[in-house]
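Quick look at what TrEMBL lists:
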- B:25-44: transmembrane segment (TRANSMEM)
- B:56-75: transmembrane segment (TRANSMEM)
- B:130-147: transmembrane segment (TRANSMEM)
- B:179-198: transmembrane segment (TRANSMEM)
- B:219-245: transmembrane segment (TRANSMEM)
- B:265-290: transmembrane segment (TRANSMEM)
- B:302-318: transmembrane segment (TRANSMEM)
Amino acid sequence: MTAVLSCRNLSRRFGAVHAVDDVDLDVEPGARHALIGPNGAGKSTLLHLLSGVLSPSSGAVALEGRDISRLSVSRRSRLGLSQTFQHSLLFLSMTARENVALAVARRHGVRPWPRRRVHSAVADRAGQALGTVGLADRSEVPAGSLAHGERRQLDIAVTLACEPRLLLLDEPAAGMSPAEVERLGALIELIPPEVTVLFVEHDLELVFRLATTVTVLHLGAELITGTPDEVRASDAVQEAYLGTEGQHTDLFLRPEPAVDPASR
Amino acid sequence: MNAHATVAPTVESAGAATPRGRRDIVRVVLLVTLVLCLVGLPLVADPFATTTATRVLAFALLAVSLDLLVGVTGLPSLGHAAYFGVGAYTAGWLSIHIGIDGPVALLAATLAGASVAAATGWLAVRSGGIFFLMLTLAIGEVLHQVAHSWRSVTGGSDGMYGVPATTVGGVDLANPGFLYWYVLGAFGVGYLLIRMVVRSSFGAALRGIHDNEPRMRALGYPVFGYKLAAFVIAGAGAGLAGGLLVAQQRIVTPDDLGFTTGALVLLAVVIGGAGTLWGACIGAAVVVLVRDYFGPALDGHGPLLLGIVFVIVVYVMPRGVAGVAGIRGKERAA
């Protein structure tokens, strides 16, 4: 089974800081692959390297065996790699339906003249996508008037409407109330199994609820990749999070892990 | 909170069903009246007023084409008059030296505006915000300088004069009324084409770029190409408007593509309310009327009056004439 997404020797430096340092990663088809690590571990930078927002200092990224290291964000998106953003990025002056319609419309071909049939097909598909994430009755509300949790739902609807093969989620639960996190978890579980998901998340309860594979990053480098149980049992992970060797508290039961001062 | 959220939209849609139908009728009646007034104007107005109205139409089309950039795509350009001037010089030159028919000259002006916009736009649309503003200003100044220096073609600072009266199928349009109808027809075609673009899926994508460019990239839209296409379409509209200008004033001077013209169009778009095409037309009418109609009576202080109008507009109606109408419309609906 070839990986949907793989990267080799991927590095990104900001001046003297090695934000991402020689990372190899394989995301298997259908996986729910979580990227975790203390603050400053390079999770978001790695995600941006994969999506093309940042370009790597060295190393390569491949999507289904094809080298995409030099492709723009929009080219990668057309190849089936979609992303949501840490600060959810929406079209705030448009309604929820128009937000999703923009994602749907590109797949139907964009023309500078009116096409009624295509237009209504796009609107229907957008309505469906909103229904899937539970925003059916909010479709005509401007995105700027939606609550924070609803914006996250809309963000996922927009991203799913691109019909991606690989979905990158950057801290989907950031700033959510426990009830909203609960709904988000259910929402991510609804994502069709043929769509592979790679996500960065701080909420470890959510990570261990969803993930089939977990990669722990520490100081820009990959510490361990394994099943959730393997990661939970690892001494190295304990150390990275707590900075103490051999001290076996089950840190993954805490919502917020302590941060290693050495990792900034 | 949840209950409120689900109830609100249903109440609104049920209440709006009848007024919406009535509002459509009102809109159609208004539109028909407007078209009749525009068409009937030369029958009642004196020749000077008719000529001023012709200039308003040319300038309004320029403003509409700029609004595609400013209001829809979010690219405020200070150099849009450059493509207006290119269209005017092209139509003027072809009429003088080849003596082609009016509509063919307009087509040539449109293509010239689009070509020059394509040649300069690939540079300009790489930037955004204040840098785009400065780049378009620079491009406009370069073309202004070319118009000044390339005497053999443009006539330099004397301008390109002696443009013959527009002919359609060999018939002279020397009568201001006939010329007005000709310009009105071309304006209508240009306006409707730009309106079609704005309302299409391409127009929706341009609004998406205005709202959130990084997200449009993440959705897989080739943003650079879209912005360039918008720039070229706007350039084509400006070129057509330039062709209409020369049909009316029968002389082109470097001032027609200079900074002042570029700033005045931007002013027209802001006065009218960026993003609504008819608003841009109203803004253009205000600018031309103040400059050409009331200006002479004020002993050449037209620009002063324009400045005052602009300051008032910015303070009293920050979203332009169209913004005020939009608020009224919403109040009525509620």
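Here, residue 1 is simply the first one shown, and the rest follow in order.
Note that Cβ sites are derived from N, Cα and C of the backbone, with glycine treated the same way.
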- Same chain, outside the transmembrane segment (B:130-147) by at least 6, Cβ under 8 Å from its Cβ: which residues? 75-82, 85-86, 89, 116, 120, 123-124, 154, 254, 257-259, 262
- For the transmembrane segment (B:179-198), name the stretch out of B:25-44, B:56-75, B:219-245, B:265-290 with the most CB-CB pairs under 8 Å. B:56-75
- Note on the structure: Note: vs the transmembrane segment (B:56-75), the recorded stretch with the largest number of Cβ pairs under 8 Å from B:25-44, B:219-245, B:265-290 is B:265-290
